[in-house]
Amino acid sequence: MAMNSILCCFAALLSVWALCQAQSDTQLPPGTPAIQLRLAGDKRKHYEGRVEVYYSGEWGTVCDDDFSIQAASVVCRELGYVEAVSWSPSSKYGRGEGRIWLDNVHCTGQESTLAQCQSNGFGVSDCKHSEDVGVVCSQRRIPGFKFISTLTNNIESLNVQVEDVRFRAIYSQRKRIPISEGYLEVKDGGKWRQICDAEWTDMNSRVVCGMFGFPGEKGYNTKVYKLLAKRRKKNYWGFGVNCTGNEASLHECKLGHQVELKGNLTCEKNLPVVVSCVPGRAFAPSHALGFSKAYRVEQPLVRLRGGANIGEGRVEVLKNGEWGTVCDDSWNLKAATVVCRELGFGSAKEALSGGRLGQGMGPVHMNEVQCSGFEKSLTECRFNRNSLGCSHEEDAAVRCHVPDMGFKKRLRLSGGRNPSEGRVEVLVEKNGSLVWGTVCSESWGTIEAGVVCRQLGLGFASNAFQETWYWHGDGSADDVVMSGVRCSGTELTLNQCLHHGKHLQCPKGGGRFAAGVSCSETAPDLVLNAQVVEHTTYLEDRPMYVLQCAHEENCLSSSAATATQASYRRLLRFSSQIHNNGQSDFRPRAAHHSWIWHECHRHYHSMEVFTHYDLLSLNGTKVAEGHKASFCLEDTQCEEGIEKRYECANFGQQGITVGCWDTYRHDIDCQWIDVTDVMPGDYIFQVVINPNYEVAESDYTNNVLKCRCRYDGHRIWTYNCHIGERNRSSSTPQRNALSN
């Protein structure tokens, strides 16, 4: 069955290639109108946009009446893409200008050009520009696609359409990772070609660097390339390139002047284009490898959260010492690219809207953002300070171009049922040669698994495995080659994590005890509501004789063991409201049958430790013993339109649904810290969710809540509650990204 499936998929790919090839080779019937297409408008990806047609010396649009996915496929193939993914009516990409050239378009999907499809005829339409149609094409280009201009007198209004773009590094640069400098070559008609630098500009280089994952361009040693150009055979492309500097990739740029191809005499007074880029801080090689300059980010005013892979996430900005989100109204590739370059990545691949990478908490700091694309920071862009009404359902996010670091070549998953799971195998140098081996599973956990999934571009870790006997990996890779792995979670590769190096220590050995992972494109994200905690904190003196259950659950300090039944315990009580702002439900890792029944509270606990409650001194020392709380997880309440899925009653399924929250009221057992033995003073009240990283989340940095509190021996004041690791004391000045 598996072989049949593979053969079917292969046959399908061959049929698509054959169709594309046949269409590229087919001569159009006599009388077919000569047209040219482009994708324009407010685009969030470079392979989508409003369909525009060049006909009779004028650009115009296409009406959405009777448009179909077959028509979209014709458009995409005519533009050099393999297929269409979807189409959109009602001017999703903004209203066009000028003529509406086509209306009531009917295509079979087999046409070579949109001009062959049936329609009312060119210029015959009763539509308005509010009905302009748009398409989303596949990112894959047609192999061997040859850009042919049917309107040679208007090529400068057309986009660059080539199969692929690459750097061809000179010998001294080839071993550097990432490759950030070299001859720029485009693949057209199945052949790699150079570009004549007669009209090449810094804006063109800026775009090229951006699409390869670099935030900026820089100069290079021209003498070396002039010398090499004399020795090498050249094969020039027939066009120049004209970029504004804002394009997400070279495919978005317009064509420059046509280059007269004269064999060896082509571009004889000039040279092939060379581009040199500045790598971002996270990707910059060391100075020992020859780089004298690297992009440096100062104290961050903008950050990404909740992204599965490197260079993607929800956009958050800093204002008055507090992180907040950006509303997606008017959010586009220009603004997204400013964010990406600011953080040391390249241009934006996508500008995401609608909370696609999870919803944030706290304020929405920016709305209706308008960037020129050349700002150094998103905080320099214009935005509507008075615009209200944005919710976190509209949080903006980005996916950035990142450099090809070759991370996937040194790590693999083996033996799994699908490409997203398996035994972890790493490529290391041993006795002068490269060999594959396994990772010792001692201390292996969700954080380490998360680094593996991110390195392979597989998203988040859904599970970390310390036994993998059921996954039969490569037998030649059974030996342990890495042990003692401990990651912080911010590493780009597993090799960047702490580990034992050459002196391996793995008493259990590899084989069945080798480390394994399973990865997922989505993950939950738990966040405490800081305002609820701050507004519900109070003290209660409670007699020991009513705290027996709590005592059995270890919810009181150790001095309670010697306390009499008539004595009182002073409890710092509060409510907690835990939201799941991620993209998948939060589910306990333990199987249903292994949950623990708690007789006192008459319900099952699905996680041994779900939260830590602590009272700390201002220097971080514990002053109250606190406790490790375990609860039954359920949906207490959900946002409008979302149904509850989990409840504790009757041994029900436990978890927290996306868009729901679990509330633990201040008046339930163990929802407190025992402060009976605490002296008056100033303290930090801290709550940590999922402290042992038992369940994978998209963002662990928002699992910590801290409050300042003052206790005078009788009353307590709680203030300045906030999410995150920073202790924002009033005496510490904060740098602001935005001013009021």
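Glycine is treated like the rest: Cβ placed from N, Cα and C.
Worth saying up front: this structure is predicted, and the values here are computed from it rather than measured.
Here TrEMBL flags 1-22 as signal peptide.
Feature annotation from TrEMBL assigns domain 'SRCR' to 37-138 (among others). In the domain 'SRCR' (37-138), the DSSP tally of helix, strand and coil residues is 16 helix, 35 strand, 51 coil.
Summarising the environment of Cys63 (disulfide bond), the number of other Cβ atoms within 10 Å of its Cβ, over all protein chains shown, is 24. The disulfide bond annotation in TrEMBL covers Cys63-Cys127 (among others).
Taken from TrEMBL, the feature disulfide bond applies to Cys76-Cys137 (among others). Listed in sequence order, Val82, Glu83, Ala84, Val135, Cys137, Ser138 are the same-chain residues at least 6 apart in sequence whose CB falls under 8 Å from the CB of Cys76 (disulfide bond).
In sequence order, Ala71, Val74, Val105, His106, Cys107, Thr108, Glu111 make up the list of same-chain residues 6 or more apart from Cys117 (disulfide bond) whose Cβ falls under 8 Å from its Cβ. Residues or ranges marked as disulfide bond in TrEMBL: Cys107-Cys117 (among others).
Taken from TrEMBL, the feature domain 'SRCR' applies to 167-278 (among others).
Under the heading disulfide bond, TrEMBL lists Cys243-Cys253 (among others).
Feature annotation from TrEMBL assigns domain 'SRCR' to 302-401 (among others).
Among the features that TrEMBL reports, disulfide bond is placed at Cys371-Cys381 (among others).
TrEMBL lists 411-520 (among others) with the feature domain 'SRCR'.
Residues annotated as disulfide bond in TrEMBL: Cys487-Cys497 (among others). Other Cβ atoms within 10 Å of the Cβ of Cys487 (disulfide bond), summed over all protein chains shown, number 22.
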On a simple 10 Å Cβ count over all chains shown, which one of the disulfide-bonded residues Cys127, Cys137, Cys381 is most densely packed?
Cys137
The disulfide-bonded residues listed are Cys243, Cys253, Cys381, Cys497; by CA-CA distance, the one closest to Cys127 (disulfide bond) is Cys253
The rounded CA-CA distance in Å from Cys381 (disulfide bond) to Cys243 (disulfide bond) is 22
Determine, to the nearest whole angstrom, how far the Cα atom of Cys243 (disulfide bond) is from the Cα atom of Cys371 (disulfide bond).
17
Given the disulfide-bonded residues Cys253, Cys371, Cys487, Cys497, state which is nearest to Cys63 (disulfide bond) when distance is taken between Cα atoms.
Cys253
Considering only the disulfide-bonded residues Cys371, Cys487, Cys497, which residue has the minimal Cα-Cα separation from Cys253 (disulfide bond)?
Cys371
Its residues classified by DSSP, the domain 'SRCR' (302-401) shows 16 helix, 33 strand, 51 coil
Give the number of CB atoms, excluding that of Cys107 (disulfide bond) itself, located within 10 Å of its CB.
21
